[in-house]
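Noted in TrEMBL for the protein shown:
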DOMAIN    1-346  domain 'PTS EIIC type-3'
TRANSMEM  20-45  transmembrane segment
TRANSMEM  51-75  transmembrane segment
TRANSMEM  82-103  transmembrane segment
TRANSMEM  123-141  transmembrane segment
TRANSMEM  162-188  transmembrane segment
TRANSMEM  200-217  transmembrane segment
TRANSMEM  250-270  transmembrane segment
TRANSMEM  282-303  transmembrane segment
TRANSMEM  309-331  transmembrane segment
Amino acid sequence: MFELRNFLDRSFLISVRESFIALLPFILVNSLLSVVIALLSSWIPEWQTTAFFYGLTFFSVQLAKIFPLLALISLSFHFAKYLQLSAIVVCSISFSILLALHVPTTEEVLSIDYVYVVLGDPRVVLLPILTAYLLRILVTWRWLDLVKGKALSRYLKQHLNIFLPVVICFMVILMLVTEASALLSWFFSPLIDTLQTASIGIQLFIRILLTHVLWSFGVHGDNAYLLLIGVDNGLTEVVPNLTASQFMDLFILYGGSGATLSLIIAIFISSKDSATRHIAKIATPFAFFNINEILIYGLPIIFNPRLLLPFILSPIVNFILAYSAISIGILEFDAHSLSLDNTSIY
C-alpha cells in the first residue's frame, strides 16, 4: 500500500507538470499575441479602429477561451499514460461529464455562449484527474470483465472489458461532482450575498485570495471568480481617481497573478536548476506586461506545494501594505495620475 501511494504521488506530480508543459507552445503564442496587441494599442492607437486590430484581438480572445479544453485533453492523456489507461477513454469520460453538468433545463438553442460557459467551468481541470484515478481502481476489479476467454485479441478484449468501469466511473463522478457543487453553492451563497454589499477593500481582499487559490488548481482565477461570485468590481474606485483594476496593476500583481516578477528575480538569484532558469528567461519579457501563464504552467506553480504558499501570500501582503498606505493618506491620486493599458491576466 505504501509503494502504491508513493507511485500515485509521483505519477500525480509528473502528470500535472507534463500536461501543462505540453501546452507551453500554445501558451507562448497566446502570450505573444497579448503583447503585440498591447504594444499596438500604446504605440499606434489609431490601429485600434482597423479591421486588422479587431481581427487580431478577436482571435486572441477566442484562442484563450479554448485553453480549458486543451488542458482537459492534455491532463487526460498524461494521467492515462502514467496510470496505464486508454487516453481516449479518460478524455471521453471527462468531456462527457462536463457536458452532462451543463445539460440545458429548457429548450435553449445551442450557441457559442453555451460553449464558452461549458469550457469556462472551473471543474474542467479536476474532471480528468478524478476520472483517471477512479478508472484505475475500477479496471482492477476483474469481476466487472465482460469477456474472460482467450478467443479475442488482447486489444479488443481490453476495450470490451472496460465498458462497465466506464459506465460506473461516469455515473459516480457525475453524482459526486453534482452533489459537491450543490453543497458548495449552498455553503457560499450567504457569503456571496454579503460580499456584494461589502466595502471595496473587503471585496478586493476576497477576490485576491480566491483567484489565487483557484489558480493553484490550474483554473484561470479571475474568470472562475466572476463565474462563481458574479461580482466584477474592476471599475469601482478604491479612492477618487483610482479604480480597482488600476490598484491591482499598480500595487498587487507585479508580473501577473501571484506577483511573480519577484519569483523571476528569486530564480535568477538563487536557483541552480537549469530548466527553471530557462523558463524564467522565457517568461521575463511577458512578465513586464503582467502575463505569466508561462511561469504558472511551465514551472509549474499549480499543484506545487513549494511555490503555492508564496504565490498566494505575496499578493495579499502587497494588498495590505498598499491599501493601508492609501487609507491613511500616504498615497493620493488626481485625475491625471494614471493612464494604464491593462494587459494583466487578473
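Including glycine, each Cβ sits where the backbone N, Cα and C put it.
When averaged over the domain 'PTS EIIC type-3' (1-346), pLDDT in the model lands at 80. Within the chain carrying the transmembrane segment (20-45), a Cβ under 8 angstroms from the stretch's Cβ atoms is held by residues 53, 56-57, 59-60, 63-64, 67, 70-71, 74, 77-78, 218, 282, 285-286, 289, 291, 293-294, 297-298, 300, 302, 341, 343, all 6 or more beyond its ends. Only pairs six or more apart in sequence are counted, and the transmembrane segment (309-331) with the transmembrane segment (123-141) gives fewer than three Cβ pairs under 8 Å, not enough to call it a contact. When each of 82-103, 123-141, 162-188, 250-270, 282-303 is checked for Cβ pairs under 8 Å to the transmembrane segment (51-75), 123-141 comes out on top.
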